[in-house]
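Annotated transmembrane segment per TrEMBL: A:9-30, A:36-58, A:65-84, A:90-110, A:117-135, A:155-173, A:200-220, A:240-265, A:277-293, in sequence order.
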Amino acid sequence: MTILKSAKGFWLSILLSIILFAIIQFLIIGEYLNGFYINTIFFMGINIILAVSLHLIIGITGQFSIGHAGFLAVGAYASAVVSMKLGLPFPLAIIMGGLVAAIAGLVIGIPSLRLKGDYLAIATLGFGEIVRIVFLNIDYVGGASGLQVSHLTTWPWVFVCMMITLLVIRNFTNSTHGRACISIREDETAADAMGINTTYYKVVAFVIGSFFAGIAGSLYAHNFYIIQPSNFGFLKSFDILIYVVLGGLGSMSGAVVAAILLTIISTFLQDFPETRMVIYSILLIVMMIYRPQGLMGTREITSFFKKKKSVEGGPKDDNQHTVA
Amino acid sequence: MTTNTPLLKVDNAGIQFGGLKAVQGVNVELDRGELVGLIGPNGAGKTTFFNLLTGVYVPTEGSISLNGEKLNKQAPYKITRKGISRTFQNIRLFSELSVIDNVKVAYHSLAKHSIASSIFRVPGHFSGETEMHEKAVEFLKIFNLDRFMNEKAKNLPYGQQRRLEIARALAANPKLLLLDEPAAGMNPQETQELMKLIALIREKFDLTVLLIEHDMALVMGVCDRIYVLDHGQLIAQGTPAEIRNDPKVIEAYLGEEVS
């Protein structure tokens with residue numbers, strides 16, 4: 001019964017997003033939107049992918065990683081090499097971007113996830129910088145002057161990648177595997193004592209997170225005409241971190257909402273270049289003072305539409321678990 | 001498996017932190033079905049001993065075996081899967097998870113569906129999750145916790161949190177259950193309920209229990225045998241009656257109360 005009910009909600013949200021896709025696609029094809037707005041929409045999609053992929057690592061598994069731009073960079077460069085240097089088709093470049101970033105996530109994750117809290121944060125921050133400097137010194141990908149990339153990112157690609165990211169991370173979270181990750185966030189010692197292989201799940205979350213950061217990187221690279229190492233500095237990592245924290249640690253829809261809002265705000269503020277960062281910072285400070293738990297806390301958007309269920313329950317295949 | 005091997009055999013085990021011998025030369029044998037108490041003054045090394053048993057610490061001397069199989073240097077999650085499960089002195093529930101999800105985490109190691117099957121939502125995922133859910137509901141009913149099923153663990157009253165922690169430890173299907181001060185912070189009525197719960201557990205589950213406790217009424221009331229730890233060493237063992245009259249124990253721990 002409840003499975004059917006929640007499945008209805010699921011198909012409804014799929015339907016809504018397809019309608020959203022169609023509207024935007026119509027606006028783009030009909031040239032009702034100028035390039036500036038189209039670009040903002042692409043950015044929104046890419047930022048959502050980044051926010052949700054980091055949400056899995058920080059919000060669900062509780063591993064404070066602040067080198068996410070590093071995986072974005074790895075994905076961007078890997079896909080650019082595949083499409084520009086090797087001349088392979090764009091879809092393959094997207095997938096390769098994700099895979100190479102996932103491998104980077106595995107290589108970085110296995111040693112550094114032994115660290116906890118601040119130490120992990122510093123290690124991942126270091127990783128992000130190493131990636132940037134490595135790309136800066138590889139002449140094959142253009143070094144500091146960057147790598148030329150053709151503009152291949154289109155709205156359907158952004159949309160499809162975004163939906164796949166959301167679905168995969170939602171499905172992962174709302175399963176016994178996601179619960180294992182949440183239990184690590186809640187209390188690692190107790191998770192261990194309950195028979196959870198904590199190292200394994202931390203690495204899994206990290207690898208899935210970096211895979212989708214790599215996918216975002218592919219879209220990002222092919223949205224510009226050039227990618228440079230300076231695009232992937234630690235400030236970019238903090239941008240992504242802010243989406244997750246502002247949205248509410250542990251809330252996937254929170255991360256999505258924050259990514260959308262902050263993309264709009266920072267685009268809007270581009271008209272005031274002198275005061276842009278000041279306004280942006282004040283906004284964050286005010287937010288953290290009055291709503292330290294983030295926009296959504298740990299709740300999901302779906303929980304606002306649901307009537308308070310009585311205790312009889314039943315397996316709920318929706319965001320109940322992430323509500324955690 | 002011969003029946004005369006003890007379930008748990010701790011042979012001369014100890015651990016040293018730098019120059020401090022927190023636990024040394026401890027020999028403990030537990031038979032199947034026994035309910036054994038571990039008492040001792042604060043700082044005697046009782047919790048450290050539990051941490052040795054569960055693999056949180058690796059013993060620097062001696063060995064620990066469960067069912068005749070050595071557990072040395074195994075990761076805590078592997079030891080749990082082999083059959084030693086525990087509760088903590090300070091409750092360590094997954095506080096943001098619901099009551100039922102806390103139990104489901106303990107079932108995780110039995111899950112048959114893979115990560116990929118959950119991501120792609122193949123039928124195996126649904127049957128696996130449903131089975132887990134039904135099992136967890138049945139399980140919570142035994143502990144009278146099913147009415148709180150969808151409540152966040154942190155919102156439960158203290159006594160119920162203790163109850164849930166014990167339930168969660170049992171859900172991991174242990175052969176040996178370690179309870180670290182289960183009655184800490186409980187009022188006399190809650191302690192009474194806890195004693196009933198422990199009796200119920202023994203009856204329902206085929207289980208050996210080792211419990212650390214300061215509440216002498218509880219320890220003397222439910223335990224078959226008692227070990228006494230002081231300054232990291234065992235100073236006495238025996239039945240509650242023997243322990244109560246042991247001069248060494250009285251000096252180290254029990255004091256005036258029993259004389």
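Numbers here mean position along the shown chain, with the first residue as 1.
Note: Cβ is positioned from N, Cα and C throughout, glycine not excepted.
Long-range contacts of the transmembrane segment (A:277-293) within its own chain (CB-CB distance under 8 A, at least 6 residues past either end) are made by residues 242, 246, 248-249, 265-266, 269.
Only sequence-distant pairs (6 or more apart) were considered; of these, at least three Cβ pairs between the transmembrane segment (A:90-110) and the transmembrane segment (A:200-220) are under 8 A, so the stretches are in contact.
Residues of the same chain lying 6 or more positions beyond the ends of the transmembrane segment (A:155-173) and with a Cβ under 8 Å from any Cβ of it are 17, 21, 24-25, 28, 38, 41-42, 45-46, 48-49, 52-53, 55-56, 60, 90, 94, 181-182, 208, 212, 215-216, 219, 252, 256, 319, 321-322.
Within its own chain, the transmembrane segment (A:65-84) is flanked in space by residues 50, 53-54, 57-58, 90, 92-94, 96-101, 104-105, 108, 120-121, 124-132, 135, 140-141, 147-150, 152, 206, 209-210, 213-218, 220-222, 227, 229, 231-234, 236-241, which lie at least six positions past its ends and keep a Cβ under 8 Å from the stretch.
Within its own chain, the transmembrane segment (A:200-220) is flanked in space by residues 42, 45-47, 49-50, 52-54, 56-57, 60-61, 63, 65, 68, 71-79, 93-94, 96-102, 104-106, 108-110, 113, 153, 157-158, 161, 165, 168-169, 172, 177, 180-181, 184, 227, which lie at least six positions past its ends and keep a Cβ under 8 Å from the stretch. Remote same-chain residues near the transmembrane segment (A:36-58) are listed as 24, 28, 64-65, 68, 72, 153, 155, 158-159, 161-162, 165-166, 169, 172-173, 181, 205-206, 208-213, 215-216, 219-220, 223, 239-241, 243-245, 247, 249-252, 255-256, 258-260, 262-264, 267 (criterion: CB distance under 8 Å, separation of at least six residues from the stretch ends).
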